[in-house]
Amino acid sequence: MTKRFEFNWQIPVPEPLLQGAVFDRWTEEKDNTEFEQNCTFKVDEYGFFIYWKSDGKDGDVIELCQVSDVRSGGVPKDSKLSSNLINKHGDNLEDKSLTICSGTDYININYQHVVCPDAATAKVWKESLREVTHNNKTNNTCPRTNLMKHWMRLCFLTDPRGKVPVKVVARTFASGKTEKMVYQCLSELGLPSGKNEAMEREAFTFDKFYALYHKICPRNDIEELFRSITQGKSDRINLDQFVNFLNEKQRDPRLNEILYPLYDEKRAAEIITTYEQNEEAKNDKCLTKDGLIRYLMSDENAPVFLDRLDNYMDMDQPLAHYYINSSHNTYLSGRQFGGKSSVEMYRQVLLAGCRCVELDCWDGKGEDEEPIITHGMAMCTDILFKDVIYALRDTAFVTSDYPIILSFENHCCKAQQYKLAKYCDEILGDLLLKEALPDHPLEPGVPLPPPSALKRKILIKNKRLKPEVEKQELELFRQGQFVIEDEEKEDASAVVLLDKKPEEIVAEAATAGDDAPPPVAYTGSTTNVHPWLSSMVNYAQPIKFQGFEEAEKKNIYHNMSSFAETTGMNYLKQQAIDFVNYNKRQMSRIYPKGTRADSSNYMPQVFWNAGCQMVSLNFQTSDLPMQLNQGKFEYNGNCGYLLKPDFMRRADRSFDPFADAPVDGVIAAQCSVQVIAGQFLSDKKIGTYVEVDMYGLPTDTIRKEFRTRMVPANGLNPVYNEEPFLFRKVVLPDLAVLRFGVYDENGKLLGQRILPLDGLQAGYRHISLRTEANFPMSLPMLFCNIELKIYVPDGFEDFMAALSDPRAFMGAAKERTDNMKQMGIEESGPEKKVTIEEKKEEPPLVFEPITVESLRQEKGFVKTGRKQQKDLEAMRKRHTKEKMTLQKQQCAALEKMIKGKNKDQLSNDPTFRKLVNEQSTAWSELVAKHRVEEWTSARSRLNEQRDLLKKMMETTQLAQMKQLEAKHERELKEMNARQAKISMETSKEVANDKTLKTKQEKDRRLREKKQNNTKKFMDERKTQTIKQNREKEKLKVTHDKQMEELSKDIDNLIEMYKMEESEFDMASKTEFFA
């Protein structure tokens, strides 16, 4: 069962604040001084307001969510007022005084001064008020609580008689309805309704105010939702309908059902019991329209997971693994040139949750030579460095206990640098981290310490001397022997990497490429550092950036570099992955380019995408980039640190912030936002519209595209009821945020809200709006329907549905099939949507096997065989003729010798025996000669046949291979034509898709489809290439085998002839010996 999340937003209000006390109050502005005596000051039980009233005066309030600081002291500049206060309270006026600082931005601060009866009361009230301020959770209370808060405000804004003026109440609803209607509704509720009348506070109950709200602003938008749940058949939602609504509409389907169980009847009944006011409906476990409205406007139906407001992230990772809320030129309250410097800016920025502030330190020119902070050479006013350090001490850890980084831009001489170090040491004391932690020494390869190990510590970021120089000079300084010699030219060699030798620097300068972006210039910040100040620098040691390769090689985690936005952008465009990897190890700081004289800001998201930690902005400018910054850092307890996504921290992961493809291990999301209605958007009767943007990776960012229609002349409760705005594919939800911006008909921003996509809740939600500076606005809100899903590429919807719920999918598929059969449509029939004709597979090529026998049937071989046979027969004829000639010669010689002799004479005649032997030898030699010629001829014929057969086989095999390649070329051509046709059909399909309203939406959808097609085409081509290579390889193996068989066959014939020759030789020898 889904458990109820207890949102404990309320901080117990200390008893002295609830009881109240009588103080004198005064304010002092340029031309106006106000003094009010004997005011009763109190804080309400919820900690919403500090309110006061004196006899005969109107009541007044300050919202505690707008109170940035409560300080001791405060003396008026007006001499008359100062004299009156001293006369009444004595010379210890400052000890009795408190200053309450409040405002809705960081520049225009209101100072409310109070004088307590005694110093002890002042101390109690200061400490007690600080306990109930900076409660980030009260900025995220539900709409119903905000209505109650506004009702309480009206009750505190009493007239001198202590009554609530009717006109003050009417003003709440003035933006959309006529005053006459408001007065009529008040009358119907039994309340005073005259314009100049007032009502008793006791009579003006919250229930009466809530009823008035529904009379003037009926929630017709929720009425439609109510009818859709009940299907218009009842005035109640039964338990089953409510359970289905909670699970199907109000729950993110991507959530794990074990960690986030589905709603069941028990949990639904608990919700009904909590919010249903009708006892009969409650007993029947049913929900009326009023009960549904109360539930939808409750903390239980917040637009984000409210536990994200706590410090929920792992804070034990190295510093480089966090985004750090950072400020640029913190001292300026206006423009970069000719602007005003203010100590108050440091207080406000730190109290807002910033954890990295900038101090531009210059030599003071007065007699005391006190170092100052100003924007050098820019005609800005200056402030004392020590005053800033006091302000830092007082406000550093009010909002957050996590470490602060002081980014020094040091232009001071050594004498005044000594004062910088002295003030930091004496004023900050133990808050200043002066040495490295034992577990995290300043050595190469040692990661930075985590924020949890640096709680309530202040780090200085300033250039540092080489260790040996620092050690030597620091020793002389402590012995009182250090002589300050400020050189005319800065000693650039005084600060280098801890392990870098001078010759390495020369070598690096010589080998530096011209193509790399220019290294960051430090605008003349001195490198001639005082040893005491140098010794205070540890985990934030700035160095001149030498390139990502060099940084990786050095592997020094505590070295960091600063980049102007343009330089950082160049690195990001050229070496995005390297930049991300650098930020896994070391810290980087981005600051606005120098041409932003108006103190405007760049978009921080692009550098967050690269993992840059300190993306410094001008806090004095409440523009869109600053809204994104404060909206993002509001979460994780507003502690100023946000843990980067896993793949931006791990060394074994690679991430390209410009990639369109999903990140490994990260499931892409789909988000749909329907803006239904607004409430209390303006106090004027004016037209309004809403823009919904998304910021994240470049591929996820969609801005100025989704906008509702304008509802004219209604700033109170406009109904937009727009078609949902679809953010179809969000590659990286962890980095994405939604921005809701409400504008009037003139394009003026009325309110905005930044919500992180990874903490967004699905369903019908009320979204409370913020000011430009991200301060809460109690009543303005939007009512939206948010749908969240896993992104599913085109064509995989059924597959995803089958995976998500196999039984339901099979049941639905069977039902569709049955319905189609009843209509006489076969399942295999043509689909309605545009289809591309299936690719036609060519039948596989079957080649006749190439054998010796098949080759011998070839014409070329037959012709050669005939020629060889003819030559053989000619040789045999010649041999026969030679034998006949020899035989005739021998016969003639024998006849001549035997003429006239008998057998006995011949047998004993040695001459006859000699002739016979000679003739036998001659015959044998002739036969042997013929045999040799025959063997030689046979070998020659076989070798010639082998060469011919091989050539013929190679020719045949080449022809087969060409035939196969021709087939492959046809297949590739057909595939290319088919893919081109698919691309054309895709373009037509997107162009004709009526659901895509804008050109940008069509372009984005076409780009997405083309990316999917490209991936599919590449896979298809890869598969085709593999298949074709396999066919080629198979044919080649067959050809090799055939060639091997041919060689083997010829070799066997040659071997056979050799054996015959050997047998003949053996027979000849046998005959000889016989």
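For all residues, glycine too, the Cβ spot is worked out from N, Cα and C.
Please treat TrEMBL annotations as automatic predictions, because they have not gone through curation.
Straight from TrEMBL, the features:
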type	residues	note
ACT_SITE	His328	active site
ACT_SITE	His375	active site
BINDING	Asn329, Glu358, Asp360, Glu409	Ca(2+) binding site
COILED	932-981	coiled coil
DOMAIN	533-649	domain 'PI-PLC Y-box'
DOMAIN	649-777	domain 'C2'
REGION	993-1040	region 'Disordered'
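Taking the features listed in TrEMBL, we show where each one sits on the structure.
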residue	record	DSSP class
His328	active site	coil
Glu358	Ca(2+) binding site	strand
His375	active site	coil
Glu409	Ca(2+) binding site	strand
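The Cβ neighbour count for Glu358 (Ca(2+) binding site), using a 10 Å radius and every protein chain shown, is 25.
Considering only the recorded positions Glu358, Asp360, His375, the residue whose Cα is spatially closest to the Cα of His328 (active site) is Glu358. Annotated pair Asp360 (Ca(2+) binding site) and His375 (active site), C-alpha to C-alpha distance, rounded: 7 Å.
Listed in chain order, the extra residues whose Cβ falls within 8 Å of the Cβ center of the Ca(2+) site residues Asn329, Glu358, Asp360, Glu409 are His328, Thr330, Tyr331, Leu359, Ile373, His375, Ser407. Long-range C-beta contacts of Asn329 (Ca(2+) binding site), restricted to its own chain and to partners at least six residues apart, with a cutoff below 8 Å, comprise Gln336, Glu358, Asp360, His375, Ser599, Asn618. Sorting the region 'Disordered' (993-1040) by DSSP state (H, G, I as helix; E, B as strand; all else coil) yields 42 helix, 0 strand, 6 coil. A 10 Å cutoff on Cβ-Cβ distances gives His375 (active site) a total of 21 other Cβ atoms nearby, all chains included. Across the domain 'PI-PLC Y-box' (533-649), DSSP helix (H, G, I), strand (E, B) and coil residues number 47 helix, 20 strand, 50 coil. Taking the Cβ of Glu409 (Ca(2+) binding site) as centre and 10 Å as the limit, one finds 24 other Cβ atoms among all the protein chains shown. The Cβ neighbour count for Asp360 (Ca(2+) binding site), using a 10 Å radius and every protein chain shown, is 25.
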